[in-house]
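A.B. asks: Let me give you the structure first, and then I'll get to my questions.
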Ligand SMILES: Cc1cc2nc3c(=O)[nH]c(=O)nc-3n(C[C@H](O)[C@H](O)[C@H](O)COP(=O)(O)OP(=O)(O)OC[C@H]3O[C@@H](n4cnc5c(N)ncnc54)[C@H](O)[C@@H]3O)c2cc1C
Ligand SMILES: NC(=O)c1ccc[n+]([C@@H]2O[C@H](COP(=O)([O-])OP(=O)(O)OC[C@H]3O[C@@H](n4cnc5c(N)ncnc54)[C@H](OP(=O)(O)O)[C@@H]3O)[C@@H](O)[C@H]2O)c1
């Protein structure tokens, strides 16, 4: 005989500088009665002989199991591996940056026939056609999925990516084109594409539909957030109705490289109380000190508000894009934390442990 008792304990956050008190983790304390010894003994009740089954139970030590605050249950990873990729087809490929933008970014949709069941926040691998300089097939490159699980056509049969074409000049002065990004940006509708995955759990959305979700993106780092935001504001789900605050910060070089701007404006129109968006256009805007407007420079303008939000148990921060942005964001958070006498790196460690600080930069 086994009995399970499940207790959910949520530790409240505090505005004090105590680090341990601000962490909120939900535990499931399962008390399993695993050993069950059953005895039978003959006794007499009202003159009749009856058999009584007496149960002796030995308690096993309580098992502490962490329940994720993110939408992790049933997430599939690595269904398709490099040796056995899924072959999809390009349905649409369109440049989404202006002609005068520094660099090109493309939005593309591939057919999956529902065979790559991904979730918002995951990535897929792409194996470019052709061979490397050693005559071997190209290695896979990872791309954050830019569509919600329903896909851009709403039928759960497609996956979309947002890809920057990598072109640079090497030390010898030669122009070098990145293998996979150029393969993808040049794909024509109808062409086949080898896909692997899905992979990744770091960027999965929080389960709480009332959460505050702060999204920090540079360039194509917008991909997972487009995926989140479609689910929140463009779709209807029986088991998920977003009613929290979604706040997006997006950093790009020029206004002609602002990605998915019209979509975000539509979301703002539809849900002004639940969505905020702030752009940082680095080569066109500056702050009052004349400094380049990076994403962290824009965030600094809302410093106090962001800091207060970060003290809430159901605020989740997600960061995606250029590796360099992480230090800049640490610097502003560090100065805010210091005003409250808090060591930011330790505070961030606690936030990470509570799944409230999620980073995928490259
Ligand atoms: C989890 C994850 C998600 C990602 N998501 C996306 C996404 O959504 N969109 C996206 O566009 N990218 C994304 N990337 C990056 C992507 O995986 C590829 O790295 C990118 O497209 C370049 O691949 P490539 O094959 O075109 O270039 P490659 O042929 O692999 O060439 C890249 C190499 O070129 C060299 N190089 C690059 N720039 C320079 C330079 N300026 N000077 C000298 N050498 C240089 C470096 O050695 C670099 O490793 C993601 C990466 C990860 C890890
Ligand atoms: N999941 C992931 O890991 C993931 C997903 C998607 C993309 N990525 C990666 O993210 C990167 C995005 O690049 P992109 O070419 O698409 O971007 P982009 O269009 O060049 O935009 C990047 C923006 O960030 C600014 N920036 C540069 N250094 C910065 C710093 N230290 N702090 C804050 N902002 C800074 C740039 O400003 P200036 O150019 O004016 O200096 C520019 O405004 C790529 O490296 C891509 O591989 C990773």
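Each residue, glycine too, has its Cβ placed from N, Cα and C.
Features from TrEMBL:
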type	residues	note
DOMAIN	83-205	domain 'FAD-binding FR-type'
BINDING	144, 164, 220, 252, 253, 282, 283, 292, 321, 322, 360	NADP(+) binding site
A.B. asks: What is the pLDDT of the domain 'FAD-binding FR-type' (83-205) when averaged and given as a whole number?
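C.D. replies: Across the domain 'FAD-binding FR-type' (83-205), the average pLDDT comes out at 98.
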A.B. asks: DSSP on residue 253 (NADP(+) binding site), three-state: which is it?
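C.D. replies: Where residue 253 (NADP(+) binding site) sits, the three-state DSSP reduction gives coil.
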A.B. asks: Under 6 Å from ligand 1 by Cβ, which binding-site residues from 144, 220, 253, 321?
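C.D. replies: From 144, 220, 253, 321, counting a Cβ under 6 Å from ligand 1 as near, the near ones are 144, 220.
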A.B. asks: Would you count the other C-beta atoms found within 10 angstroms of the C-beta of residue 253 (NADP(+) binding site) for me?
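C.D. replies: Cβ-Cβ neighbours of residue 253 (NADP(+) binding site) within 10 Å number 18.
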A.B. asks: If you run the three-state DSSP split on residue 283 (NADP(+) binding site), which class comes out?
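C.D. replies: Looking at the DSSP assignment, residue 283 (NADP(+) binding site) belongs to neither helix nor strand, so coil.
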A.B. asks: DSSP on residue 220 (NADP(+) binding site), three-state: which is it?
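C.D. replies: For residue 220 (NADP(+) binding site) - judged by DSSP and reduced to three states - the answer is helix.
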A.B. asks: Based on the record's binding annotation for NADP(+) (144, 164, 220, 252, 253, 282, 283, 292, 321, 322, 360), what whole-number value in Å is the widest Cα to Cα distance?
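C.D. replies: Those residues reach a largest Cα separation of 27 Å.
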A.B. asks: Relative to the Cβ of residue 283 (NADP(+) binding site), which residues of the same chain, six or more apart in sequence, are found under 8 Å away?
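C.D. replies: Listed in sequence order, they are 102, 253, 254, 292.
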A.B. asks: Quick one: DSSP breakdown of the domain 'FAD-binding FR-type' (83-205) into helix, strand and coil?
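C.D. replies: Secondary-structure breakdown of the domain 'FAD-binding FR-type' (83-205): 7 helix, 50 strand, 66 coil.
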A.B. asks: Measure the Cβ-based neighbour count of residue 220 (NADP(+) binding site), defined as the other Cβ atoms within 10 Å of its Cβ.
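C.D. replies: 23, counting other Cβ atoms within 10 Å of residue 220 (NADP(+) binding site).
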A.B. asks: Rank the binding-site residues 144, 321, 360 by how many other Cβ atoms lie within 10 Å of each Cβ and give me the one with the fewest.
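C.D. replies: So among 144, 321, 360, the binding-site residues given, the one with the fewest Cβ atoms within 10 Å is 360.
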